[in-house]
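Have a look at the structure below before the remarks.
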Amino acid sequence: MLRAALTTVRRGPRLSRLLSAAATSAVPAPNHQPEVFCNQIFINNEWHDAVSRKTFPTVNPSTGEVICQVAEGNKEDVDKAVKAARAAFQLGSPWRRMDASDRGRLLYRLADLIERDRTYLAALETLDNGKPYVISYLVDLDMVLKCLRYYAGWADKYHGKTIPIDGDFFSYTRHEPVGVCGQIIPWNFPLLMQAWKLGPALATGNVVVMKVAEQTPLTALYVANLIKEAGFPPGVVNIVPGFGPTAGAAIASHEGVDKVAFTGSTEVGHLIQVAAGSSNLKRVTLELGGKSPNIIMSDADMDWAVEQAHFALFFNQGQCCCAGSRTFVQENVYDEFVERSVARAKSRVVGNPFDSRTEQGPQVDETQFKKILGYIKSGQQEGAKLLCGGGAAADRGYFIQPTVFGDVKDGMTIAKEEIFGPVMQILKFKTIEEVVGRANDSKYGLAAAVFTKDLDKANYLSQALQAGTVWINCYDVFGAQSPFGGYKMSGSGRELGEYGLQAYTEVKTVTVKVPQKNS
């Protein structure tokens with residue numbers, strides 16, 4: 001569970017209830033400068049330079065310094081990757097002939113290799129992304145392993161049915177792989193989003209062309225090496241680093257791609273959907289932005305609600321699509337909640353992500369850094385009350401002070417738009433009917449949460465809120481077994497759980513004439 005991560009970096013009395021075996025286990029000391037082994041394009045189980053020979057820098061967000069140059073894939077490289085994937089998916093190929101149980105064993109093997117290299121991958125993730133190393137190790141890598149192993153178990157268990165149709169006929173269904181799956185992953189959880197995409201696609205027998213985020217390409221590329229080591233046939237997984245308008249657009253519009261799965265902003269999701277529809281009507285799964293309401297009722301456990309609301313917003317430097325970024329607090333506990341939330345934000349440790357005491361590292365890059373500061377300025381200009389933070393937290397790197405706004409109104413920019421940073425907005429409400437209307441008055445619908453001791457209130461709100469996930473008295477609790485996805489402009493389709501397999505299969509009906517049917 002994500003919430004367990006907090007205990008590793010901050011073990012005060014109020015967090016005692018969060019302690020778990022994962023959080024108390026020893027975390028190996030990291031290498032602060034892990035060597036980069038993979039920075040090219042991975043096609044057909046081989047490493048390639050870009051056709052154009054272009055490269056781009058990937059930057060350490062803690063310092064602003066370049067880590068290394070990475071091959072910059074574009075349309076020509078995507079064409080090569082799709083060609084390799086289509087060859088791997090041909091009838092009679094080793095991948096198509098492989099038993100489903102063997103596909104599962106390959107996924108188990110991949111998870112084992114990632115676990116073997118867990119310390120290295122966690123350090124590389126922290127170097128390239130900026131998230132605290134203990135979070136990379138205890139949370140991200142733990143969830144990667146659980147996701148891959150969960151879908152490995154599904155490989156030979158997701159199947160069709162026999163159907164008793166009328167007449168002398170025998171009818172059954174097959175769950176067949178869609179084919180070539182384009183997958184475009186974001187920079188906020190590079191390894192985890194790679195696992196969310198690869199797990200169900202490979203378990204069901206598909207082949208993959210993946211574009212990794214230009215801000216954080218290094219860990220996903222290293223996993224490509226492990227995919228080859230695990231024994232996946234050439235062409236089954238191909239990984240192209242590059243930029244959205246070139247490599248990403250080429251995947252979304254490619255006639256040889258049968259499905260595209262994208263995690264990222266709603267704005268880019270629109271472009272993906274249009275490109276998919278105007279090309280070959282490929283299937284689309286979108287996990288997009290959010291402005292999730294976190295509702296604190298007056299009867300909530302105040303200690304727990306304050307800590308969880310802090311976690312809901314500030315976890316991962318606020319760079320979560322499902323962040324609890326609209327904190328609605330019932331009026332008779334509003335002042336106390338605000339006071340305690342400000343105190344908690346002021347105590348949040350911001351700094352070197354390799355330091356085990358650090359709770360918050362830098363934002364991912366300069367673009368995000370400047371965008372977040374712009375939202376903070378907007379909040380001040382529109383009349384929200386800046387209660388703490390509001391500026392840069394270091395002389396170099398992309399660190400931002402934990403920021404809290406009070407007296408936030410629904411019409412303010414910071415209450416409507418996804419900030420994607422460590423900026424908490426606290427809003428006041430009176431009645432449960434009022435907060436339902438205000439919480440649902442958003443173009444987004446990814447997640448929501450309710451804190452209350454009253455089960456009737458919790459049940460009512462969980463049904464009334466327009467969100468794909470509703471947490472009750474907790475936040476950011478994920479499991480590979482539970483589906484995740486959004487309502488409205490937060491996306492379409494579901495990832496994780498059994499539901500996550502549906503997007504990667506076609507259901508084929510086969511009907512056979514028989515001489516005589518007997519029950």
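Quick reminder: no glycine exception, Cβ is built from N, Cα and C everywhere.
As given in Swiss-Prot:
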- 1-19: transit peptide (TRANSIT)
- 12-26: motif 'SIFI-degron' (MOTIF)
- LYS54: N6-acetyllysine (MOD_RES)
- LYS75: N6-acetyllysine (MOD_RES)
- LYS80: N6-acetyllysine (MOD_RES)
- LYS161: N6-acetyllysine (MOD_RES)
- ASN188: site 'Transition state stabilizer' (SITE)
- GLU287: active site, proton acceptor (ACT_SITE)
- LYS370: N6-acetyllysine (MOD_RES)
- LYS377: N6-acetyllysine (MOD_RES)
- LYS385: N6-acetyllysine (MOD_RES)
- LYS409: N6-acetyllysine (MOD_RES)
- LYS428: N6-acetyllysine (MOD_RES)
- LYS430: N6-acetyllysine (MOD_RES)
- LYS443: N6-acetyllysine (MOD_RES)
- LYS453: N6-acetyllysine (MOD_RES)
Looking at the modified residues LYS75, LYS80, LYS377, LYS385, LYS453, whose Cα is closest in space to that of LYS430 (N6-acetyllysine)?
LYS453
To the nearest Å, how far is the Cα of LYS377 (N6-acetyllysine) from the Cα of LYS370 (N6-acetyllysine)?
11
Compare the C-alpha of LYS443 (N6-acetyllysine) with the C-alpha of each of the recorded positions LYS75, GLU287, LYS370, LYS409, LYS428, and give the closest one.
GLU287
Closest of the recorded positions to LYS370 (N6-acetyllysine), Cα to Cα, picking from LYS75, ASN188, GLU287, LYS409, LYS453?
ASN188
Cβ atoms near LYS377 (N6-acetyllysine) (within 10 Å, other residues, all chains):
13
Check the Cα-Cα distances from LYS453 (N6-acetyllysine) to the recorded positions LYS54, LYS80, LYS161, GLU287, LYS428 and tell me which is shortest.
LYS428
Give me the count of other Cβ atoms within 10 A of the Cβ belonging to LYS75 (N6-acetyllysine).
17
DSSP, reduced to three states, assigns LYS54 (N6-acetyllysine) to coil
If we check Cα distances from GLU287 (active site, proton acceptor), which of the recorded positions LYS54, LYS80, LYS161, ASN188, LYS385 wins as closest?
ASN188
